[in-house]
Amino acid sequence: MAAEKTMEKIVALAKNRGFVYPGSDIYGGLANAWDYGPLGVELKNNVKKAWWLKFIQESPYNVGVDCAILMNPQVWVASGHVGGFSDPLIDCKDCKTRHRADKLIEDWNNENNIEFRVDGLKNEELMQYIKDKGVRCPSCGSANFTDIRKFNLMFKTFQGVTEDSKSEIYLRPETAQGIFVNFKNVQRTTRRKIPFGIGQIGKSFRNEITPGNFTFRTREFEQMELEFFCEPGKDLEWFKYWKDFCYNWLLSLNMKKENLKLRDHEKEELSHYSNATTDIEFLFPFGWGELWGIADRTDFDLKQHMTHSKDDLSYFDPTTNEKYVPYCIEPSLGADRVTLAFLCEAYDEEEVAEGDVRTVLRFHPALAPVKIAVLPLSKKLGEDADKVYQMLAKSYYCEYDETGSIGKRYRRQDEIGTPYCITFDFDSLEDKSVTIRDRDTMQQVRIKIEDLAAYFENKFEF
């Protein structure tokens, strides 16, 4: 019987093996702030590289940008964030704990096995539901709540030497707006024709009321977003194209179908400007959570920026001889969230013999933080084994380990997800060959050192 996969086990491994540390740890930390350690930064970078490879580099349609975090405040007025980017905040009067009202209801429903979606409900409807169902504070058990009020999620700061309303700016709550305001620049300089997309990876900031579940929801996070511009009327076929593309990208990196589901938003959930929205959800140990939002945003964003900036962001289509404001399909993915999902997907405990259980992270080789570990059987072989390490390290992120028994070293590498271990033994001095052990099957093959480059050439592609 397989051991239960829990967040407690995954978080413990992440902290102990250098994937993720509590932020500001020696000062007692900061609520829900996390630092990526040596293995975590490699894993997350590999996730970002995999996204960039398929969505930008190999795509015939898309190009990339890297926009500033700090933008003219009018950008956020135009986008609607200043006026409407808020969460419903509710306080428990007895213990003074603050909650996000919709999440309070969702958690209550999950605990009581109630199937009911709160997306799209107004504050008055949320409040009425809390009263009707007798929803209680998870901190103290009280049902004595304040009224719901709006809480703007943007971090505000000041630019320059004065702290007044004229110098107010915001940390961006999403990367998308940097793409929209650069639509004309990118189209002009790249001479792209519709349909085409602009993607970027970057940090965003949201002053979440109830962050939690490790790195799933944090106030500082990284996004991988694509804005794909197309002709009006063809948006729904492109929406389906990108929805399928995103889903297949996850499958190609070893996510199991049974741990993924596509949830189409009901009409009452949709934003007023949206033709369609689908969430790709992943089954975390704590339950289903949104990974990817794919939205047909129509021409809303470009038109908003046209109105507020007075700049013309329309496009003249040389094929149809028409001028129009393009529609936009937005697949928006959280880099931290999907990295956590890959970590949860990869975690496994396998009984290799009676009473002998190994912990192994079954990452797709393209995502594995360490690709190859070089393990000399004896420290006396270190000088020759190091030459193998140096040769491979030019192409792959490798680890060299000569401490402990070979069995313990294999287990250490299994636990951090290293796909291949190379053992350099005393025979290697004579036959110029090494033993390669596969992480998942634990099977071993003997390979000439001079053939290693060819052996690994296609092992890390997807």
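Glycine residues also receive a Cβ, built from the backbone N, Cα and C atoms like all the rest.
Annotated substrate binding in Swiss-Prot involves R100, F221, E222, Q223, M224, E225, E330, P331, S332, L333, G334 plus, out of the candidates E174, E268, E269, E383, the residue E174. Cα proximity to R100 (substrate binding site) (within 10 Å) is found for the following binding-site residues from R206, E208, R217, L291, A335, R337: E208. Within 10 Å of L291 (ATP binding site), counting CA to CA, the binding-site residues F221, Q223, E225, L333 contribute L333. In the three-state DSSP scheme, R206 (ATP binding site) falls into the coil class. Across the fold, the C-alpha of R206 (ATP binding site) and the C-alpha of F221 (substrate binding site) stand 8 Å from each other.
Around E225 (substrate binding site), the same-chain residues at least 6 positions away in sequence with a Cβ under 8 Å from its Cβ are E174, T175, A176, I179, G199, Q200, I201, E330, P331, S332, L333.
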